[in-house]
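Structure record follows, encoded as structure tokens.
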Amino acid sequence: MMLILKLSLLSLLIATPGLLVSGANMITCYGDVQKLHCETGLIIVKSSLYGRTDSTTCSTNRPPAQVAVTTCSLPITTIGDRCNGLPDCELKTDLLGNTDPCQGTYKYYNTSFDCINGNYAVICEHGYSTLDCGNDAILIVNANYGRASSQICSNGLPNGLTQNTNCYAANTLTTVAGLCNGKKSCTVEALNTIFSDPCSGTVKYLTVTYICTKEMVVCEGGSASINCGAQTIKTIWANYGRTDSTVCSTGRPGSQLLNTNCYTSDTLNKVAAGCDHLSTCTIPANNNFFGDPCPNTYKYLRIVYACV
């Protein structure tokens, strides 16, 4: 099950108070280095805007014509794609390659981010590491194979092999998520044969950020009982419906299992309202509670959650 449709996962993490450590905002003039840092925890970008919304920010030594337009704002994902899940992140803004939302105006980047609890692994090229969640399930937050720092995995290497710090393999997140999501443990390798070579002539490394989650599946007519003991519940994802023809299928006619595109849009809200911030909760898996998103289909309730 691919839970990390990237935007929806990050939205859930941003809205998860139990995982939140702290938050910050960073403004960087175009051409300078944007530096995001978490004293404790890992970066999750909430929003990044490129443009200009006032005439004073990043205006020193700029002619009035370059700071006059203050209705210029382009939401971007580049910074989140590269920084999410890292404890520290430095990006040269003139290398981000974003579209110019207002030509002739001197712009800046305004990034708002949170620091969340999570697990972070760095694997040098040709190496491997095992991600381990014990009895819980892995959920990948972000991953990159390439190089964003000249210092990491650089011991004994000539400078020429570590100077390209704008190296990102576009398929890293989906590849690692496909290998690891939902598993208790997962071994990942930092190899060109797995991720391709995004920057030939540069020695690369793999960074992976993940959280450990629990999962519960209850067939229609049953009840989901969650117990986090001394901790409290935080719902990460939930759906009442059917997305798999084999789950909760025993003794059911095939006609009740065919529709695997059945979702209840407010499942997460209802489960969160009944469970979040509590140590225990019980949620019924029935049409009376959730409504019937797909008549004549036998449904089930799937909840992914963390104890925080």
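Backbone N, Cα and C atoms are what each Cβ position is placed from, and that goes for glycine too.
These come from Swiss-Prot:
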type     : residues : note
DOMAIN   : 27-115   : domain 'SUEL-type lectin 1'
DOMAIN   : 123-213  : domain 'SUEL-type lectin 2'
DOMAIN   : 218-308  : domain 'SUEL-type lectin 3'
CARBOHYD : Asn110   : N-linked glycosylation site
SIGNAL   : 1-23     : signal peptide
Cβ neighbour count within 10 Å of the residue listed as 'N-linked glycosylation site': 19
Per-region confidence, the domain 'SUEL-type lectin 3' (218-308) (mean pLDDT, whole number): 95
The domain 'SUEL-type lectin 3' (218-308) - residue tally per DSSP class, helix then strand then coil: 16 helix, 31 strand, 44 coil
Number of helical, extended and coil residues in the domain 'SUEL-type lectin 2' (123-213), per DSSP: 16 helix, 34 strand, 41 coil
Three-state secondary structure, which DSSP defines for the residue listed as 'N-linked glycosylation site': strand
